[in-house]
């Protein structure tokens, strides 16, 4: 890395140039680079001229396009096709205006980046900054190339090729434009080429303004993250510095840290001021930018126009990427700013003097305030914005999880795992995926290619979505093996560290509760799935053909071009395979819920033990000397940190699984309700029973994870409440400050989420919200049912 610093400094002249160079390349051609950064008067004049040229080019496309929509007599579909590209120009023009109006803020941010590179002279710190600068530069380059390439390809596809139409039995080739112009003869070649060139230029300007804004926020956000990382390093150095240093050195050091923190917060505020209106308009643009291409695809699918369909798909991907990028940047900034307080709490702050603890408390207090990048001061840009007998006691907790994960090959391997076990695990994974895909792929082909009415396809879609989503959950379990192993090792370590019988009884009590809930959940899910497959696959259905009654075999998930309905042997083979794949996917779902329940109740046990220790720490003040008190509070804090670390790992494992479970439950409750209404008149008891059981199973799954999230959140808060309920007022000031730090950390909300979008709690599942969901689902089902009957 030291060599990288020397190479970059030699190539770019100084290290700050490496960070901001690409932004200059993007913003200078459109005149959006701050004029105060220009060195000569000629450059400032050229910048003004570029701004005039850019506005003329943009308006030369916008105004004729708007007039064409309002004044040309065309059908609504043609006008909607024009509206899609036109919104891109409008929003791009708005972003360009914002960049021009926010030049002072851009200048401030660039100057601060340069100043930070000049202030930080320590090689180790510069290496941290360079690492983040590289990430920001690469993201900015990818963003720009992706946006410019996508817009240029779309303009070429929509404007460079002729359109063939038939008039009076004659074939006529007509030129197109990405954005049709009002009252201009674009059918002739020279005129078309001139206007197309102008629209390509204006498209470049609009996309450059968007790319410039996104690359600017990527570079600035990466720089801010680098500064936050430096601050964390300085805090650790401040706390770990030997206690025999003079007090003035301490004050100067904490002063530097606080001043640096203020510079970072000011820098982020400027980023927010620049990006807030741009993010808002990008959110607005993505509504037509995603919905309209989907509408075009549906309307033009039968024409099989590959170039147009490709353009629509590229636009959808581009819009999705734009929003994801700014949401992800906003999420990282928010989390890293909060992380400052966590880092302070993770240090050995309890060994410092009262004055130093108060200094650190100020930093924690400021870090607890949310720092957000918003869209128009209305929406936070975050991912939330963008679904027995055992050898030892620890084995009791993880036994059930091992039973489910080992047959799937999802049980994590450790250093003690033999080579043969590793090979068997890989073989099991391959077999499981083959079994799942043997059901999913023929089912998808059946829906796409077999000509049947929409109701039959919807009936197939229900079970197939279950296979697909639980297959996704299986993939998550495989991808999160390291996190699962970390949680298991964490659990085993806790059982080894806690040696007192009284504390082990508390842990065992919670382990039993988690074990029983996990067992009930697994059995309930497996029974429901096997019962559904049995009812949908074992019984025959009778149909009338030419006044004859013919009995046909069924499958839980029909397959494409395999004669399973007439040949009993093929039916039995396919049914057995689908039963096996149902076992695999239900085991993956059961395993994920079992792991979540086991780990959560282990956390609850550790929190209960921590509360016991806090009470003992407060009540036995008169029995121990001060040194022992410091050691005891250190043990409590370290135990608290271990608990929070385990919760973070649980969230990482379950977050995507819960999101897909919410998505599955949305279909898993709406679709059976629709089947129930559509088949009620037939009085088919076995099918109706299956639909009711599936709906109950989905409700139980969501209720379980919501209860887990609620209990975990409340128990984490309870630690702070418990501290306050002790006789803390009888303690010395030093001990009160120690407890205040624990209360401060406990006040930070701990959440289990579904895809970082929905917090899993009883509020998520409450009767009022559920009533709205059910009411909406029921109204849709009634509408669809009426349509089906007509």
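Every residue gets a Cβ built from N, Cα and C, even glycine.
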* Using TrEMBL as the reference, determine which range in 173-193, 236-256, 257-277, 278-298 is annotated transmembrane segment. => 278-298
* Write down the single range among 310-330, 331-351 that appears in TrEMBL as transmembrane segment. => 310-330
* Are there at least 3 C-beta pairs under 8 angstroms linking the transmembrane segment (310-330) and the transmembrane segment (138-161), leaving out pairs fewer than 6 apart in sequence? -> yes
* Asked: Counting only residues 6+ away from its ends, which parts of the chain sit with a Cβ under 8 Å from the transmembrane segment (427-449)?
  -> 407-410, 457, 460-461, 463-464, 467-468, 471, 474, 478, 557-562, 577-578, 580-581, 584-585
* Structure fact -> For the transmembrane segment (200-225), the candidate among 82-101, 278-298, 310-330, 516-539 having the most Cβ pairs under 8 Å is 82-101
* Structure fact -> Per the Cβ filter (under 8 Å) with a sequence gap of at least 6 from its ends, the transmembrane segment (310-330) is approached by 84, 139, 143, 146-147, 150-151, 153-154, 157-158, 210, 214, 217-218, 221, 275, 279, 282-283, 285-286, 289-290, 293-294, 296-297, 372-373, 380-383, 385-386
